[in-house]
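Below is one structure, written out as structure tokens; comments come after it.
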């Protein structure tokens with residue numbers, strides 16, 4: 001592994017860890033606000049209308065919550081697209097040998113949680129739409145837990161989690177594209193296609209000016225928003241179209257990644273957590289705790305994730321499809337697989353897509369399951385990592 005890649009991973013881990021702490025603070029703050037005398041102000045804040053108009057051509061009128069989920073999260077997904085592309089070209093999944101082990105683990109971590117959710121909710125048709133919620137891994141929280149253990153965690157284990165989470169994000173993107181698009185508009189899709197062609201041409205000619213990608217990207221985002229396809233996919237496309245190498249030895253991808261990453265970690269994701277984690281607990285009794293929806297999400301994260309990630313990882317090695325990275329063992333892989341049950345922001349995002357956001361009881365049940373499953377996964381995962389990395393601490 002080159003020094004450049006090591007430095008890139010180090011900076012990424014530090015940024016995600018700090019962001020994870022902020023996510024926790026803003027999430028707790030959201031729950032406090034939603035259950036305090038200020039709850040009416042909290043929900044009024046979320047539903048406050050925000051209007052952006054460009055003459056008579058475009059008018060976007062949405063509540064603040066939707067601007068956060070459709071707008072700010074699109075910027076986050078630009079970062080996801082940039083990270084996935086970078087890792088595919090020069091990083092942790094840049095070759096078959098590097099990618100196959102975390103890729104198989106990620107597949108298990110998506111398939112088994114969805115299956116667990118479906119088994120719990122198969123008798124309740126109204127809940128079927130939430131099957132994708134426990135598939136996601138929140139890389140900020142997961143990396144944050146890893147960083148708490150410092151140097152006792154092997155670099156190979158950190159790289160494994162990073163690669164797995166990135167492939168997991170890619171899976172979430174595919175799920176959003178295939179299952180959460182509706183009422184498609186042909187005109188908007190044509191305009192979006194033209195914008196995509198524009199981005200591809202910018203990439204083809206290795207244009208280094210990031211403003212060009214921002215301008216065409218905004219056109220793409222508005223078009224996708226109007227098309228019926230979820231607007232965050234525009235962010236991913238923008239990220240994929242920024243070239244790794246530009247003219248005059250410039251690095252547009254790295255430049256844009258460094259420009260967006262602090263905003264994503266310290267503003268966008270904390271704001272998303274604050275707007276989506278506020279669950280009014282006063283109206284939730286045993287019915288909420290024992291609901292198949294809540295249980296399906298909780299068990300999907302707590303059991304489905306570790307079983308899927310570990311089982312697929314173990315079988316891939318035993319069947320000689322992949323090799324266990326040097327310096328780590330299956331006990332540590334299992335500990336990381338439990339950490340993958342921290343779904344949080346990505347799971348919250350998928351819940352808002354599945355059940356329409358807002359403060360409806362389906363969304364509240366899903367969020368309750370996400371908070372419980374993610375919290376227990378974080379605590380148990382930390383303890384398992386602490387136990388399984390004792391030898392590293394003694395060296």
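Each position is counted from 1, following the chain as shown.
Just so you know, glycine gets a Cβ as well, placed from its N, Cα and C.
Swiss-Prot lists 18-38 (among others) with the feature transmembrane segment. Long-range contacts of the transmembrane segment (18-38) within the same chain, counting only residues at least 6 positions beyond its ends with a Cβ under 8 Å from a Cβ of the stretch, are 138, 140-145, 264-266, 269-271, 273-282, 344-345, 371.
Taken from Swiss-Prot, the feature transmembrane segment applies to 64-84 (among others).
As annotated by Swiss-Prot, transmembrane segment applies to 100-120 (among others), with the evidence given as sequence analysis.
Swiss-Prot lists 129-149 (among others) with the feature transmembrane segment.
Residues or ranges marked as transmembrane segment by Swiss-Prot: 160-180 (among others).
Positions annotated as transmembrane segment by Swiss-Prot: 182-202 (among others).
Here Swiss-Prot flags 205-225 (among others) as transmembrane segment.
A Cβ distance under 8 Å defines the sequence-distant neighbours of the transmembrane segment (226-246), meaning residues of its chain 6+ beyond its ends; these are 70-71, 73-86, 89-90, 173, 176-177, 180-185, 188-189, 192, 196, 199-200, 202-203, 206-208, 210, 213, 217, 220, 252-254, 256, 349, 353. Marked as transmembrane segment by Swiss-Prot on the basis of sequence analysis: 226-246 (among others).
Beyond the ends of the transmembrane segment (266-286), by six or more residues, the same chain brings 18-19, 22-23, 25-27, 29-31, 33-35, 39, 42-43, 46, 64-65, 68-69, 72-73, 75-76, 140, 344-345, 348-349, 352, 357, 359, 364, 367-368, 371 to within a C-beta distance below 8 angstroms of the stretch. Marked as transmembrane segment by Swiss-Prot on the basis of sequence analysis: 266-286 (among others).
Long-range neighbours of the transmembrane segment (295-315) within the same chain, counting only residues 6 or more positions beyond its ends whose Cβ lies under 8 Å from a Cβ of the stretch, are 101, 104-118, 120-121, 127, 130, 133-135, 137, 164, 321-322, 330, 333-334, 336-338, 340-343, 347, 351, 365-366, 369-370, 372-374, 376-377. Positions annotated as transmembrane segment by Swiss-Prot, on the basis of sequence analysis: 295-315 (among others).
Per Swiss-Prot, the feature transmembrane segment maps to 333-353 (among others). Sequence-distant contacts of the transmembrane segment (333-353) (same chain, six or more residues past either end, CB-CB distance under 8 Å): 23, 27, 69, 73, 105, 109, 130, 132-138, 140-142, 145-146, 157, 160-161, 164-165, 168-169, 172, 175-176, 180, 230, 232, 269, 272-273, 276-277, 297, 301-302, 304-310, 313-314, 324, 363, 366-367, 370-371, 373-374, 376-378, 380-382, 384-385, 387-388.
Sequence-distant contacts of the transmembrane segment (368-388) (same chain, six or more residues past either end, CB-CB distance under 8 Å): 27, 31, 133-134, 138, 141-142, 145-146, 148-149, 153, 277, 279, 284, 288-289, 293-302, 305-306, 329, 331-332, 334-336, 338-344, 347-348, 351. Under the heading transmembrane segment, Swiss-Prot lists 368-388 (among others).
Panel annotation: around the transmembrane segment (160-180), residues 9, 12-13, 77, 80, 83-84, 87, 91-93, 98-99, 101-103, 105-107, 109-110, 132, 135-137, 139, 142-143, 146, 229-230, 232-233, 236, 309, 325, 328, 333, 336, 339-340, 346, 350, 353-354 of the same chain, lying at least six beyond its termini, place a Cβ under 8 Å from a Cβ of the stretch. Within the chain carrying the transmembrane segment (205-225), a Cβ under 8 angstroms from the stretch's Cβ atoms is held by residues 58, 60, 70-71, 74, 78, 188-189, 191-192, 195-196, 198-199, 231, 233-235, 237-238, 241-243, 245-248, 250, 252, 255-256, 259, all 6 or more beyond its ends. Remote same-chain residues near the transmembrane segment (129-149) are listed as 13-14, 16-17, 19-21, 23-24, 109-110, 113-114, 116-118, 121, 157-158, 161-162, 164-166, 168-169, 171-172, 175, 179, 265, 269, 293, 296-297, 299-301, 304-305, 339-347, 349-351, 354-355, 362, 366, 369-370, 373-374, 378, 381-382, 385-386, 389 (criterion: CB distance under 8 Å, separation of at least six residues from the stretch ends).
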